[in-house]
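What follows is a single structure, written as structure tokens, with notes after it.
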Amino acid sequence: MPNNTTSAELCLTDRQMMLAVNVIERIFIGTVVPVLILFGISGNILNLTVLMAPNMRTRSNQLLACLAVADIVFLVCMLPHSLAHYSLFSTTFWFRLLYLGNKMHLLAILNWASAAAIWLILVICLERLMGIKYPLSVRKHKKLLTPMVVVSFVVVMTGILTAYYHFSYICVTKYFCNGTQFHAMCLRVDSEWWFRNTKNPNSDFVKAIAWYGPRVNAILVIFAPILLVAVSNVMLIFTLRKRQKLFIPAQKSVKGESQFSGSQARTEHKVTITVTAIVTSFTITQGPSAFVTVMSFNYSDQDWQVALTAVVTTLVVLGKALNFVLFCLSSRTFRQRLFSQTKQGILRKSTRTISTMTGSTLLESAASVIDKRRSRSVAIEMSRVETRGSKQRALSSQSMLERQPLREFRRGMSFL
């Protein structure tokens with residue numbers, strides 16, 4: 001008997017509806033990454049509240065705050081990819097419609113935020129290194145290379161380098177099971193085969209962008225910046241050790257007017273330690289992604305490659321989430337400022353609660369006082385009315401008594 005069922009009436013199985021099949025990928029991206037994302041977003045928000053405080057807005061802190069914003073954007077865009085590994089979301093119609101329809105654009109924004117964070121790390125590391133080695137030169141160019149100019153350049157440059165993600169894939173969507181199941185399939189625009197075994201309709205220019213884009217991105221956004229960050233971090237660590245040896249004996253001889261410069265040097269030293277910790281963590285967690293990206297050009301999508309990519313992606317997310325921990329461990333000023341802001345927030349909230357309760361109590365007491373005053377005034381008025389009535393009755397009775405003898409006298413005279 002021939003099967004006349006159309007594709008619109010065909011219902012996909014649960015396995016066909018799954019958005020991730022690899023077990024290792026489901027464990028790392030579906031189980032570990034969501035916890036790291038929530039911790040990383042909350043931690044970076046706390047970083048922003050401390051770094052953007054009025055008395056903490058130094059050049060280094062502004063760059064670190066921009067890094068926190070880039071990490072938050074990365075983690076927010078990463079969350080739908082991790083939620084897609086749960087059957088609760090992967091089988092939901094509206095989630096599939098929004099996620100599969102915008103997956104490539106989410107990946108583009110995610111890679112843009114990651115590239116911006118990588119270059120911001122490099123800028124922060126170089127800024128600290130130049131500030132220690134050549135402080136006079138940095139002060140001359142401080143007005144020209146402001147954090148706003150540097151960050152804007154980094155954002156625009158990385159946006160251009162990662163823009164190919166938006167049009168390097170073509171996705172075809174289709175409805176199954178009478179419109180209750182939504183599915184999508186994506187192919188690279190430079191793919192040798194196309195949908196329904198037809199010829200690839202894209203032009204050679206588009207194919208060239210899709211082919212060269214990932215390679216240029218791997219060199220300028222991943223491999224070269226991470227290598228420069230690693231070299232700069234090593235130089236920063238050696239410079240920090242050298243300065244620490246000179247800094248310890250100099251502390252004993254600091255007197256008078258040189259105390260201000262000594263405290264400023266100590267502050268810069270502490271900032272450098274924090275930056276070194278963040279850059280070291282970044283190098284360890286982001287470094288493997290450069291090698292995996294290079295390997296992806298020579299191998300097709302195999303199971304071991306998918307598993308390795310999942311592990312490396314988890315490392316990248318871990319690096320984004322560790323910034324708050326590194327701030328707390330390496331900076332005493334950050335801990336004190338965070339504690340004071342938390343304390344102020346709790347006191348402010350408790351003060352508002354107390355003022356609200358006090359206000360309502362005062363209103364109730366004022367209302368009771370007004371009611372008492374009204375009742376007293378009413379009682380006084382009633383007593384006054386009663387007094388007036390009694391006086392009038394007394395006067396009327398008195399007048400009657402005074403008039404009665406005259407009437408009787410007149411009556412008596414008349415009888416005679």
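Note: Cβ is positioned from N, Cα and C throughout, glycine not excepted.
Computed from a predicted structure; not experimentally measured.
Per TrEMBL, the features are:
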type: DOMAIN; residues: 43-327; note: domain 'G-protein coupled receptors family 1 profile'
type: TRANSMEM; residues: 27-51; note: transmembrane segment
type: TRANSMEM; residues: 63-84; note: transmembrane segment
type: TRANSMEM; residues: 104-124; note: transmembrane segment
type: TRANSMEM; residues: 144-165; note: transmembrane segment
type: TRANSMEM; residues: 218-238; note: transmembrane segment
type: TRANSMEM; residues: 271-292; note: transmembrane segment
type: TRANSMEM; residues: 304-329; note: transmembrane segment
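Note: the stretches the transmembrane segment (304-329) and the transmembrane segment (27-51) are in contact (3+ CB pairs below 8 A, sequence gap of 6 or more). Below 8 angstroms of C-beta separation, residues 60, 63-64, 66-67, 70-71, 73-74, 77-78, 80-81, 150-151, 154-155, 157-159, 161-163, 165-166, 168-169, 171, 186, 217, 221-222, 225-226, 228-229, 232, 275, 278-279, 282, 286, 316, 320 of the same chain, each at least six residues beyond the ends of the transmembrane segment (104-124), sit close to that stretch. Tertiary proximity for the transmembrane segment (63-84) is limited to same-chain residues at least six positions away from its ends with a CB under 8 Å from its CB atoms, namely 19-20, 29-30, 33-34, 37, 40-41, 44-45, 47-48, 51-52, 90, 95, 99, 106-107, 109-110, 113-114, 116-117, 120-121, 123-124, 127, 147, 150-151, 275, 278, 317, 320-321, 323.
With a cut-off of 8 Å between Cβ atoms, the residues of this chain six or more beyond the transmembrane segment (218-238) that come close are 111, 115, 118-119, 121-122, 125-126, 128-129, 132, 158, 161-162, 272, 275-276, 279-280, 282-283, 286-287, 289-290, 293-294, 297. Averaged across the domain 'G-protein coupled receptors family 1 profile' (43-327), pLDDT for the predicted model comes to 83.
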